[in-house]
Structure formats: C-alpha cells, structure tokens
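Q: Pasting a structure here, questions to come.
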2 protein chains.
Amino acid sequence: MATINDNYLKLKAGYLFPEIGRRVSAYAADNPDAPIIKLGIGDVTEPLPAACRDAIIEATKEMGDRATFKGYGPEQGYLWLRDKIAQHDFQSRGCDIDASEIFISDGSKCDCGNILDIFGDDNKIAVTDPVYPVYVDTNVMAGHTGDAAADGKYEGLVYLPISADNDFTAQIPTEKVDLIYLCFPNNPTGATATKEHLQAWVEYAKQHGSLILFDAAYEAFITDPDLPHSIYEIEGAKDCAIEFRSFSKNAGFTGTRCALTVVPKNLTGKASDGSDVELWKLWNRRQSTKFNGVSYIVQRGAEAVYSKAGQAQTKELIAFYLENAKIIREQLTAAGIKVYGGTNAPYVWVKTPNGLSSWDFFDKLLLNCNVVGTPGSGFGAAGEGYFRISAFNSRDNVNEAMKRITDKFKA
Amino acid sequence: MATINDNYLKLKAGYLFPEIGRRVSAYAADNPDAPIIKLGIGDVTEPLPAACRDAIIEATKEMGDRATFKGYGPEQGYLWLRDKIAQHDFQSRGCDIDASEIFISDGSKCDCGNILDIFGDDNKIAVTDPVYPVYVDTNVMAGHTGDAAADGKYEGLVYLPISADNDFTAQIPTEKVDLIYLCFPNNPTGATATKEHLQAWVEYAKQHGSLILFDAAYEAFITDPDLPHSIYEIEGAKDCAIEFRSFSKNAGFTGTRCALTVVPKNLTGKASDGSDVELWKLWNRRQSTKFNGVSYIVQRGAEAVYSKAGQAQTKELIAFYLENAKIIREQLTAAGIKVYGGTNAPYVWVKTPNGLSSWDFFDKLLLNCNVVGTPGSGFGAAGEGYFRISAFNSRDNVNEAMKRITDKFKA
C-alpha cells in the first residue's frame, strides 16, 4: 500500500491566506454589495511596467519564427538575465557575486521551500516569531519538526521572538543553530536590519558553521541609504549565506512569476562523512533535475527591469506603494493606533487597539470597515495582538480604507 | 554545522543531457565549422502556434491596465484553463475527471519530481529499464534508494526491463510494489501501451494498493485510434493513478513552460496510523505552500491550445514531427539498422549497429556524421546497445541527418 508523508498531517489547518480568503468569501456571500478593500495578502495591484510588457511581447513574437524560437533554456536561467542581475543588484553595491552564482526561478516562495531539498534532516533550524509561514510549513513537510503545541509552535524549531522591544530584530541566539531564516525588509513586520545587525548574524554563522537563508524579496523598498539591500554587503556573508530575491514586488511580477536565488560557489555544507560539499553543486543538480527553467518570454520581461525605462518605471512603482505606506502610517497614528514598519517596506505592522486579538481585529475590520488585513498571529504566536496592513493597492482604496478605519477608531 | 542531503552524493556524475552537452560542446570547440544536427534532447524546434502567441500578447496587454492586471493567481491554476483541459483532454474521451482534479504547473519534469514530497519514504518503487532519468534521480535525492551498482542500478528500486522481447512494455511484477512509474507513449523507446496492458497494471495496482504515476507527456502523438491517451480511459484507474501531462510537446511549450497533473479526489494513501488520507488534499497543500501558480500570460497561451485555431495548429505540428519520425524510421531501416517506436511517438529507438555500445555509437555519429542522438544506456542498464533519435527538428535537418547516417552505414 502506498504510504503518505505523515509530516503533512502535522500542519495546522490551512495556510494563513486561504483562511483569510475563506472568511472574506463568507462575508462577501452574505453581503454581496459590501465595498471590500483588500490590504491583506501582499499582492501588487498596479500595472506591469511598460518596459516589461514590451519586452514580453517582443519575445513572444520571436517565438513565431523558427530562427528565433526558444525551446528549453538553461535550467539556471539565461546568462543575459543573470549577468544584468549580478551587475545591477550586486556588483554595483560592492557585492562580489558572479552571474554563475545566480539561479533564476519562478518564485521566491518556491525556492525558499525547495532549498531544503539539499540539506540534511538533522539541522537545527531557527526562525523568527512572527515569520513568513512558508519557512515553517516547508520544514514541517520535510519532517524537520515534531508536532505543533497549543500556541502553534512546532517542536524542534528554534523560535526567535521579534517585537517592539527588540525593534523587530531577533537577538542572536545563545544556542547553536544550523540554518537561520532572516527576512529584511521584514515580512510581516516591515522592520529593517542595519549592517551591524547583519554583521552580528554573519559572525555568529561563521563561528558555528551555520547557514543564513536571507530573504530579500522586499529590498527595493529600502530608501534609507545606510541600510544594506543584500546580505552580501556584509563582509564574510559569501561564506555563510544564500539570498532569495524576486521580481514580484519591485516590478509587479506576482502574476508573471520570476525570482532568483544566489548560492555563492564557495559555500559548503557537511556530508555525514565529515567532508565539505559545495552547496552550489547540489542546488545546480537539484534545479537541473527537478526544474526546467523559467519561461523565456518572462525572463525577457525580467531583463527589461534593468533597462533605463524599466528602472524608471519600477522606481515609480516603489515610490507609489511607499507613499501608500506613509498614508497608512500617518492615518492610523492620527487615530491613536500604534504602528511599526512601512518606511522601508510595503508593510505596516499595527498593534491592535483595545487589546483585541489579531483575529478579532481582523473580523472587526472586515465587518465594520469592509477592510481586509492579515492577523499577526497567523505569522506566529508572538504576532498575537498585531496586524499587518499592506500598502499594495490603489491610492483611492488606501485613502478610503484609512478613512473607514479612522472613523471607526478615532471616536 | 549545516549538513547536506547525503543522498545527492549517490547520484552518478551528471544528468544524461548535461553530459551530452559537454561532449557536443567539446567537439564543436575543436571543429567550429562542423554542421552539427541535434536529434538528441527531446526539444521542439518549430514556432509556437500563432493562436498561443496571440493569446499571450493579448494577456500581456491586459497586464498594462490596473482593471485587467493579474497578480497572484490560484496556485492550482485558473479555472478557465482547468475547465478546458477537463473537457477536451479527459471528458471528451469518457474520462470522469473534474477541473478541480487538475493542477496547472510549470513543467511535468517538476511535477514528476515534486510529487514524491507527499509520499512516505518507505514505499517500494518500480521503474522500467530504460526509463526517463528524472524518475530515478528524484527518488535517489529523496533517499528512497541505496547506492548505485556498477551497472548504474540503484539498490532498493525495482527495475522492470523493457526490450524488443516484450514489445517495450514491462511484465507486471510478481512482487508487491507501492509506486509504479509508467510512461506512454514511452520516452525513450517510443513504445505505446494497449488498453489491455494498462488494464493489467490497474488491476495489479488495485490488488496491491499501489499507485501508478502515469506520464502522458507524449499522448498527442498517438494516431492509432485503439490506443488510450489517458490512463483514466481504463476502468478503475481513478482509484490508483496520478497522470502527468504537458504542453511542451504538443504545442511547443518547452521554452514557454506549462504542464498539468491530475490527482483524482478519491485517491488515497496510507498514513502510518493506518488511516486513509486523500492525496488530492496533500498535493493541494504542497502546491499552495511551495508553488505560486503559473504565469497568467502563459496560462492564457495554454488555453489557446483548445481554441479552434489552436487545435488546428497543434494538430499540424504533431503531424509534422510524426512525418519526421516516419522518415527517420524508413531511412534507418533502409540502411539496415533496426528501429522501434516512432509511429505514435516522436522518438525512434534504434538498435545500435555492429554491436556498438550506446556511447560508442553516440561518438561515432557525432564524429562521422555530426549528428547528435541520445545513448540508450543513459536511460538505464537495459538501454545499452540502443540509441534514441528524436523527430524534433526541421524537415531539412532530418533529411540531411538521415542522408549522412545512411551514407555512413549503408556501405
């Protein structure tokens, strides 16, 4: 009899966003005319930059001529795209990252999960609390945890609490962990990390032979010139960090799908015989065997992000969403609600007013204001009493949502 | 210290196609003017159908207007695409498959590998020999095997030899296995399966509680009206089979990326407590957590395959490649070389002449004829002495390649 992966049964009911979708759908079914505004899931709303669209259309036309038709591309992505990424996103910031160390993929969510394929099952794994749920759930699925306790924490994982007390940056652990997930600018709290904070992590990792899985999906939202965009801006990070990036949030690719993962060539992990094995080779083998590359036309669209027009258009998109975030921050603050994040990130992290639980605040906003956000407790036990509001929406919707919330809570 | 997945170290050097690429590159570097014709990797060469290109361009334009812009889509794929697949590919052939049982993905190679995520590590796994290497390699990576023996066979897998003696259809095993990979029309041999053969497998699977992983990536090449296109044409298959399909070979999507996997809702596997768990739920959870759906514009392109124009254009593509296969068959046969497959499949499976080994024949063709094929031994020990020639190329290239081979071997 075919057996299943029992670890899936440890997963708590429903990934966070499907549960939000369920509650919103139920409310919308009962109130079909309710003018619901969604500031929940971190999905972009503004058009794909013209430079990207033009490049995709051009590439699609190429597919109509056998002389320029493209079949299977390199599983790692086309070199013309990897070269531009290496130059613009890394070398221009002083990071010694070569195009060959960049793997193009169809999503950071996929890569964050798939990366576990190349690691052993005996690694001690640390996540922040709250945290992007995919890091945790994929470790549960891979059998790296025990069952979940009543507070939702899985046995075997090391949770590093982040809260207002530590500026939403975790304290470096005293115990030894092998894999550490870090995400800056942070999802869900919108917090950022200074070079000093990342330097401390890199030193910890080098001291313990740990590996940092650095999620930089929101780096484009950094406006403060002192903040690092890549972990490779930190000395020594190439020896202890893998970085994930995405075109989803800077160029509006959530529905177009393109991302990348950087695996430096000198990074190694331990085999059970004690030998050092290059992680680049393992990831290359993983991607060659279980992946077939990103659509050619989509890669051409991603390449256009680095054109002069593409740079100007993505910059404008980012500025637009950051202005939304500013409005959210200011309006909620004026209504007497305490907020964090949202200055170098598209997320505003809200302390729920009146001691409401995260889900109670969710229901209250949905029912009274027809505004959808994301309960902080959905990101982990320490997110209880917080709430994430996303800046991804039109200006009119953001203004209207803030008006409804302030009208309700200002009183 | 972060540890690696030791199972990767069991993999033999290089996946088959990178090794071919290496030898071809080395030859081309030494002989820059050699007019090399590639009939090796199963990559399509003819333009993407106009209906698909038009739909992609239209969809890309939609991305330029916030009213029609598409962000994250359903991880399972858009229902308008799943509906058309259910109707055209399954219900029209009498298969009781619902749109909700169809998961859109970016590749069959990905799905064939990823599907192992939802199964236990204690399953007994059977593959044919020769076989598409991804089935084997992904099981090695997942730790479902021991080391490889000298003949390349991995300890712990059950290999079912297929050869001319059994019409390249494996004998139903006498021992009990839990997961069985079947691929028809077959890659690499080009063999097909009758309804009776598949019925015998379904009966075996139902008797033993086994699950069939049915790869139908080449079903569009079936011209014989008596041959089944889907395993769900076989009574009882919905209780014991998952089917993989792709737009790569029927509509030329190898570089555009779209595929699908069918997981019937009533399919179950055993949990370690003996309970039955729905595989649909597990796969849905896997895809929701580790995947973010296929590019909207690509899904629109795939949908166009089912338009009237798309159906006519893909039919023409298939007919074109099948005519290539016919030429390959006839020319090689005339040269005294024994061939199999290639009538309901784009692959011709060649018995190497003069007792040459598969790689020796590869080198001979490359050096003497500047023609690239795929060594049968690369697909498994029982593929030794065979060679795969792909019909995916232009008519001129196929004619020229066959002329060179027949000139060389007719003598």
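Each residue's number is its place along the chain shown, starting with 1.
The backbone N, Cα and C atoms fix where each Cβ goes, glycine too.
Those TrEMBL annotations? Automatic predictions, nothing curated.
So TrEMBL says this about it:
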type	residues	note
BINDING	B:Tyr15, B:Gly42, B:Lys109, B:Tyr132, B:Asn187, B:Asn292, B:Arg388	substrate binding site
BINDING	B:Tyr72, B:Ser108, B:Lys109, B:Tyr132, B:Asn187, B:Tyr218, B:Ser246, B:Phe247, B:Ser248, B:Arg257, B:Asn292	pyridoxal 5'-phosphate binding site
DOMAIN	B:35-405	domain 'Aminotransferase class I/classII large'
MOD_RES	B:Lys249	N6-(pyridoxal phosphate)lysine
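How buried are the listed features, and what sits near them?
A: The C-beta environment of B:Lys109 (substrate binding site), restricted to residues of the same chain at least 6 apart in sequence and closer than 8 Å, consists of B:Val134.
Following the DSSP three-state reduction, the secondary structure of B:Ser248 (pyridoxal 5'-phosphate binding site) is coil. B:Ser248 (pyridoxal 5'-phosphate binding site) has a Cβ environment of 25 other Cβ atoms inside 10 Å.
If you take every residue in the domain 'Aminotransferase class I/classII large' (B:35-405) and average the pLDDT, you get 97.
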Q: Could you tell me which of these binding-site residues, B:Tyr72, B:Tyr132, has the fewest other Cβ atoms within 10 Å of its Cβ?
A: B:Tyr72
Q: Looking at the binding-site residues B:Gly42, B:Asn187, B:Arg388, which ones have a CB within reach of chain A, meaning under 8 Å Cβ to CB?
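A: So none of them sit by chain A.
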Q: Around the C-beta of B:Asn187 (substrate binding site), how many further C-beta atoms are within 10 angstroms, looking at every protein chain?
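A: By my count, 27.
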Q: Other than its own, how many Cβ atoms are within 10 Å of the Cβ belonging to B:Lys249 (N6-(pyridoxal phosphate)lysine)?
A: 27
Q: Between the two most separated Cα atoms in B:Tyr72, B:Ser108, B:Lys109, B:Tyr132, B:Asn187, B:Tyr218, B:Ser246, B:Phe247, B:Ser248, B:Arg257, B:Asn292, the residues recorded as binding pyridoxal 5'-phosphate, what distance in Å do you get?
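A: Binding-site diameter by Cα atoms for pyridoxal 5'-phosphate: 34 Å.
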Q: If you measure from the Cα of B:Ser248 (pyridoxal 5'-phosphate binding site), which of the binding-site residues B:Gly42, B:Tyr132, B:Asn292, B:Arg388 is the nearest?
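A: Sorting the binding-site residues by distance from B:Ser248 (pyridoxal 5'-phosphate binding site), the top entry is B:Gly42.
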Q: In three-state terms from DSSP, label B:Arg388 (substrate binding site) for me.
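A: Going by the DSSP assignment, B:Arg388 (substrate binding site) falls within a strand, counted as strand.
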